[in-house]
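Just below is one structure, and these are the notes that go with it.
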Amino acid sequence: MTNLLSIITFLPIVAAIIMALFLRGQDEAAARNAKWLALLTTTATFVISLFVLFRFDPANTGFQFVEDHAWIMGVCYKMGVDGISVLFVLLTTFMMPLTILSTWQVQDKVKEYMIAFLVLEGLMIGVFTALDLVLFYLFFEAGLIPMFLIIGIWGGKDRIYASFKFFLYTFLGSVLMLVAMIAMYRMAGTTDIPTLLTFDFPSENFRLLGMTVVGGMQMLLFLAFFASFAVKMPMWPVHTWLPDAHVQAPTAGSVLLAAVLLKMGGYGFLRFSLPMFPVASGVAQPYVFWLSAIAIVYTSLVALAQSDMKKVIAYSSVAHMGYVTMGVFAANQIGVDGAIFQMLSHGFISGALFLCVGVIYDRMHTREIDAYGGLVNRMPAYAAVFMFFTMANVGLPGTSGFVGEFLTLMGVFRVDTWVALVATSGVILSAAYALWLYRRVTLGQLIKESLKSITDMTPRERWVFIPLIAMTLILGVYPRLVTDVTGPAVAALVQDYNQSQPAAPVATAQASH
């Protein structure tokens, strides 16, 4: 079958349309049917995506499962995956059934809630499979709408503020990208991504407003794309929308925001910035390194000062994404492999940590750290799961969190030792805020009266965590499951990047060894 990617992209959207048209009423039966249809659809999508993985040939560095149909005005409906994107599709389809299962307690507008998540899944898969600039942009921007609604309708008391802040930040970042895409079409005469990857965008310096633009037109295009992807990651200092969005979003919204939506920024750097604008990427490398290093240290320190559990994990996400941008712009095999691995690992671990917060929020309806303490006495299973993912977040050897951080730091050490040393301090800081959070919430005596009747995790909640624990351990023990898939495509990307660098600057020469 050559249309597998279209099936997994549009199956959730078709299910959402069926749900909207044929599921009537707001009674308990309608809510139950909506949940089961969403769960069955997302599970089927995951199973079909496994066929893509099993039939994928990592040795082929080109795009596979390509679908190409003429659409409108020279724009094509073109889909495909390579070693860089295929695992992000799997991450999305893997997380969705678990997310739906975690929302089983939702009572308010259940049908609409499930529709929003199904549409969001289809749009997220579309981002990772689109091979046309216009198609990519449509998926990339449309994904804002269901998440905006999820936060704005089912979020906390400040949900309207948080949803608009999320929408405006990410949308404004993407306006520049749209302008850059139009410029690229005028230069290259096509919106086909595989063709654009081979197009040599001009990189000769020129004067603009009395200043020399180093990297020429490539730099202007790079900055436009960078604005969009940096907000999406998010990078410091354009990260301030994320803590608000996480705090106000319902648990399932936070899980998908952390596990998948943030990865669109990192994927964008790998798909567009490095291969299409290699000269500009080389010029920007030291600046991106230091922005990432500041993000790791600064947001880790900010995490230590939070009183809300979700805010601690949100700032932790910004710090961990700092390792990703470092690994990507190290532009060597080990760094880029590490960045992809870190994104996948962070998807499992951060998603699980938000689920951990959700478990006790469902019982106590507060995320304030001071409201808890001594939970291990009443919730031993929960305490064990929370401890496991806390350690994985810190980067304990044997978990996927260790592999991602280790590979990215190794890649950065080969390019800039000082930046790598600063980033390494983030490992110590992450242990500080993660263990501090765990100790305050679960350890000690159970003193508060309100906690003395709290119950441990239900079987449904345990089943949600089991696949996440399994993936975190499996990838931690055998990381080649990821690197064997990504390796050849990353090697080709790095080789093209190095060949495009003018007169091989020192950093690039070191990175190629």
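For all residues, glycine too, the Cβ spot is worked out from N, Cα and C.
Pulled from Swiss-Prot:
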TRANSMEM  3-23  transmembrane segment
TRANSMEM  81-101  transmembrane segment
TRANSMEM  112-132  transmembrane segment
TRANSMEM  133-153  transmembrane segment
TRANSMEM  164-184  transmembrane segment
TRANSMEM  211-231  transmembrane segment
TRANSMEM  250-270  transmembrane segment
TRANSMEM  277-297  transmembrane segment
TRANSMEM  340-360  transmembrane segment
TRANSMEM  383-403  transmembrane segment
TRANSMEM  418-438  transmembrane segment
TRANSMEM  463-483  transmembrane segment
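Contacts between the transmembrane segment (340-360) and the transmembrane segment (112-132): absent, as fewer than 3 C-beta pairs lie under 8 angstroms at sequence separation of six or more. At the 8 Å Cβ cutoff, the transmembrane segment (81-101) and the transmembrane segment (133-153) share fewer than 3 close pairs (sequence separation 6 or more) and do not count as touching. A Cβ distance under 8 Å defines the sequence-distant neighbours of the transmembrane segment (463-483), meaning residues of its chain 6+ beyond its ends; these are 87, 94, 98, 101-102, 337, 340-341, 344-345, 348-349, 351-352, 355, 385, 388-389, 392, 397-403, 407, 457. At the 8 Å Cβ threshold, with sequence separation of at least 6, the transmembrane segment (112-132) lacks contact with the transmembrane segment (164-184), having fewer than 3 such pairs. If you look at the transmembrane segment (164-184), the same-chain residues 6 or more away from its ends with a CB under 8 A from one of its CBs are 133-134, 137, 140-141, 144, 147-148, 151-152, 191, 196, 201, 217, 220-221, 223-225, 227-232, 234, 238, 240-241, 244-245, 276.
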